[in-house]
Number of protein chains: 2
Amino acid sequence: MHKQLKVAIIGVGVVGSSVANILERNKDIITARTGVEIVVKKGVVKDLSKKRNVNIALTDNVDEVLYDNEIDVIVELMGGIDQAYKIAQIALSQSKAFVTANKAMLAYHRYELEQIAKTPIGFEASVCGGIPIIKALKDGLSANHIEAIYGILNGTSNYILSKMTKEGWSFQQSLESAQNLGYAEANPSLDINGKDAAHKLLILASLAYGIDSRPEEILVEGITDIAIEDMEFAKEFGYVIKLLGIAKKINNSIELRIHPTMIAQDRLIAKVDDVMNAISVMGDCVGESVYYGAGAGGDATASSVISDLIEIARGKSSQMLGFKTSQSFGLIPQEQIISRYYIRILADDKPGVLEKIAAILSHNEISISTFLQKPNNQNLNQNPKQNLNNQGGSAKILLATHTTTEYAIQNALKALESLEVVRAKPVIIRIEA
Amino acid sequence: MHKQLKVAIIGVGVVGSSVANILERNKDIITARTGVEIVVKKGVVKDLSKKRNVNIALTDNVDEVLYDNEIDVIVELMGGIDQAYKIAQIALSQSKAFVTANKAMLAYHRYELEQIAKTPIGFEASVCGGIPIIKALKDGLSANHIEAIYGILNGTSNYILSKMTKEGWSFQQSLESAQNLGYAEANPSLDINGKDAAHKLLILASLAYGIDSRPEEILVEGITDIAIEDMEFAKEFGYVIKLLGIAKKINNSIELRIHPTMIAQDRLIAKVDDVMNAISVMGDCVGESVYYGAGAGGDATASSVISDLIEIARGKSSQMLGFKTSQSFGLIPQEQIISRYYIRILADDKPGVLEKIAAILSHNEISISTFLQKPNNQNLNQNPKQNLNNQGGSAKILLATHTTTEYAIQNALKALESLEVVRAKPVIIRIEA
């Protein structure tokens with residue numbers, strides 16, 4: 001007879017069912033690897049009448065598990081912020097270990113939970129489902145000062161950008177394909193606006209740098225404005241566009257940002273396509289290491305949830321409490337972030353336009369490294385004679401800048417947008433070497 | 001005042017110096033992350049007169065540390081097999097924890113050490129220097145049955161194959177470049193003959209499958225026979241050639257092999273170039289995850305050594321003892337390994353040759369999926385008229401087979417080699433889908 005670790009799962013949806021089923025299916029190795037039998041005593045669901053493919057007792061009363069002294073670990077897989085946070089607080093106050101995949105809740109309440117926790121908190125599944133990046137940062141890279149993290153943290157966005165790059169599909173086509181394949185929700189906004197990635201980046205930045213910020217405090221831009229010509233520009237200059245979460249230590253302060261990024265096409269994370277996730281970590285001893293895998297999916301996420309349960313079962317969880325590392329760094333204010341920028345401007349195709357644009361950039365002390373102008377194909381008439389003239393037509397101006405500040409670029413963008421000859425808000429993509 | 005963990009380093013070369021220096025340089029975070037101060041009490045060297053760039057006490061008497069009751073951990077970085085194994089035995093018998101980067105010693109003696117160990121054994125640094133793959137297998141993927149491992153486990157070989165693929169350099173040119181850059185030893189045989197990779201694969205296969213074999217018992221082939229035309233054939237059919245360590249579970253037995261491999265060019269490990277290492281692990285829950293980083297180098301390897309020391313300092317090392325997992329699988333005999341094969345045959349360019357080759361393959365029940373024949377360029381005369389005839393010339397026959405057994409292919413190779421019209425031992429490269 002093995003010792004038992006008794007678990008309750010709150011939220012028995014896709015991931016919750018996988019956790020219950022894998023604990024049963026892989027019981028042999030899990031018990032052998034821990035010396036402890038991990039048993040799901042009960043699952044908590046909203047709707048008991050819904051048919052579920054699990055072999056565990058169910059209840060719709062969360063208090064039944066939160067106040068059950070037999071239960072050692074609460075696994076929270078219900079999602080949402082406020083209710084999940086309350087449950088976490090109760091679980092920890094009841095001296096239960098707490099395991100969660102809830103990135104949104106942790107993005108807001110991780111330090112509050114840390115303060116009250118006397119039992120382990122496991123959150124491997126909260127960042128990039130199947131990639132053991134939390135344990136890599138806590139254990140594998142524990143000798144290193146972390147210099148930077150570059151993460152493809154959202155599979156839906158990566159799928160869309162991959163299809164735009166490789167197949168030449170439009171944003172809309174790519175999004176619809178993602179939805180058809182079940183990679184994107186009917187309402188995909190959290191995925192494509194960068195917020196989901198921001199939640200994950202904040203968790204990683206807590207571990208690496210002790211950053212105590214909330215999603216609203218960091219630079220977050222999504223991929224909805226990216227167009228095919230941006231892909232073409234990137235390709236021409238040796239880049240690939242990825243939605244990256246970036247954390248970088250600069251003079252003992254930290255830059256945190258999520259945005260579409262042009263990265264050199266020969267970097268390994270530039271080659272991570274479709275719905276997969278990957279995180280590149282730069283350590284002062286180890287150099288670059290990259291962790292790649294499934295970012296979502298029931299079984300992949302359950303694999304990480306169970307790895308936390310195994311760590312708890314092994315009694316190795318003394319270090320699982322902390323989000324803060326040894327050092328707490330400050331955040332670099334957004335306007336001081338330094339980068340190179342790609343800018344796409346849709347403007348009237350007439351004399352003097354370029355001069356006005358150049359004047360604005362120069363006024364903001366932004367210097368141009370690369371410049372491309374072409375007639376806006378979408379407005380082109382089928383008759384080539386008329387096109388030569390392009391009377392009243394528009395032009396796309398694509399350019400890349402040398403290094404400048406976010407402050408300068410945002411001022412320049414405002415000025416550009418207010419030019420009468422500029423027809424739409426310019427689109428920027430930051431460039432990482 | 002923090003609690004101290006006292007360490008002795010046996011072998012203060014490149015990696016040993018890095019360990020000592022990083023423990024000093026990153027003392028702040030290491031102490032904060034563990035609550036314990038990790039102190040190098042002494043280093044053991046062969047030659048005390050040699051100048052070393054470390055700030056630790058040195059001795060040339062190994063017994064001074066092995067029998068010092070104050071020392072908690074022996075870090076063995078001297079290399080070699082017999083002497084290192086003796087030191088490991090004494091360290092463990094003296095109830096000291098033992099941390100090593102010595103893959104060769106572990107490839108032979110890991111289970112013997114496990115049997116006597118009552119204190120932790122750390123060996124993160126023994127496989128792929130800076131990649132925390134041991135912890136990934138033990139902790140991150142602990143919920144999974146491991147279905148397969150594909151590893152680029154030797155940086156020197158990967159550098160050579162990358163240069164042959166990307167730059168079109170010959171094997172010899174690429175090897176010389178690796179030597180000039182310090183990636184390969186003056187005597188590079190262990191790297192290019194696959195033995196170094198075999199040591200690492202055996203350690204991984206112990207963790208994943210409890211495999212208790214020695215390097216001599218598994219299929220090991222190096223990269224010395226690879227030629228540029230193999231790269232070209234691979235490219236034409238969508239493959240890249242990598243030296244892979246492969247462990248695969250098939251019907252509850254395990255295939256273990258190291259050899260040059262044609263893998264599909266769109267797999268992430270196909271894109272790992274130059275001196276970098278990467279390991280792809282297939283888990284039954286998590287799917288594919290890939291771990292990428294530096295395979296060697298002082299600081300990268302030291303990062304892994306220190307991660308083991310940190311795990312010991314945290315007292316989380318109860319699970320560090322075991323090489324065996326829950327299950328012990330048997331090895332599939334080499335001749336029963338199943339694969340697709342690429343074969344390169346240098347033969348006389350005259351009528352009837354192809355018929356003879358085809359007859360041998362058919363006799364061994366090997367069927368051909370792809371076939372290419374071309375005149376052997378190296379023998380070509382500058383005068384195209386003479387080439388048309390290629391009188392007395394040779395031809396290169398490149399072909400790929402459908403799935404067959406190692407038994408069949410080895411018999412076929414012997415028969416092919418004995419044909420009078422075949423001018424050299426045929427070269428094979430196994431193909432993985």
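Just so it is clear, glycine is given a Cβ too, placed from its N, Cα and C backbone atoms.
As written in TrEMBL, here are the features:
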BINDING   A:Ile10, A:Gly11, A:Val12, A:Gly13, A:Val14, A:Val15, A:Gly16, A:Ser17  NADP(+) binding site
BINDING   A:Lys103  NADPH binding site
BINDING   A:Glu185  L-homoserine binding site
ACT_SITE  A:Lys200  active site, proton donor
DOMAIN    A:342-430  domain 'ACT'
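Features per TrEMBL, on structure.
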| residue | record | Cβ within 10 Å |
| --- | --- | --- |
| A:Ile10 | NADP(+) binding site | 23 |
| A:Gly11 | NADP(+) binding site | 25 |
| A:Val12 | NADP(+) binding site | 26 |
| A:Gly13 | NADP(+) binding site | 16 |
| A:Val14 | NADP(+) binding site | 14 |
| A:Val15 | NADP(+) binding site | 25 |
| A:Ser17 | NADP(+) binding site | 22 |
| A:Lys103 | NADPH binding site | 25 |
| A:Glu185 | L-homoserine binding site | 12 |
| A:Lys200 | active site, proton donor | 25 |
Using Cβ atoms only, which residues of the same chain lie under 8 Å from A:Gly16 (NADP(+) binding site) while being at least 6 residues apart in sequence?
A:Ile9, A:Ile10, A:Gly43, A:Val54, A:Val75, A:Leu77
Pull the DSSP breakdown for the domain 'ACT' (A:342-430) and write it out as helix, strand, coil residue counts.
33 helix, 30 strand, 26 coil
Taking DSSP as the reference, which of helix, strand or coil describes A:Val12 (NADP(+) binding site)?
coil
A:Lys103 (NADPH binding site) - helix vs strand vs coil (DSSP):
helix
Spacing of the two Cα atoms, A:Val14 (NADP(+) binding site) and A:Glu185 (L-homoserine binding site), in whole angstrom, works out to 14
Around the NADP(+) site formed by A:Ile10, A:Gly11, A:Val12, A:Gly13, A:Val14, A:Val15, A:Gly16, A:Ser17, list the extra residues of the same chain whose Cβ is within 8 Å of the site's Cβ centroid.
A:Ile9, A:Ser18, A:Val19, A:Gly43, A:Leu77, A:Met78
Rounded Cα distance, in Å, between A:Lys200 (active site, proton donor) and the residue listed as 'NADPH binding site' is 6
Once DSSP output is merged into helix, strand and coil, the residue listed as 'L-homoserine binding site' belongs to coil
Provide, as an integer number of angstrom, the distance between the C-alpha atoms of A:Val12 (NADP(+) binding site) and A:Glu185 (L-homoserine binding site).
19
Assigned conformation of A:Ser17 (NADP(+) binding site) - DSSP reduced to three states:
helix
Would you mind giving the whole-number mean pLDDT across the domain 'ACT' (A:342-430)?
86
Should A:Lys200 (active site, proton donor) be counted as helix, strand, or coil on the basis of DSSP?
helix
Looking only at C-alpha atoms, tell me how far A:Glu185 (L-homoserine binding site) is from A:Gly13 (NADP(+) binding site), rounded to the nearest Å.
15
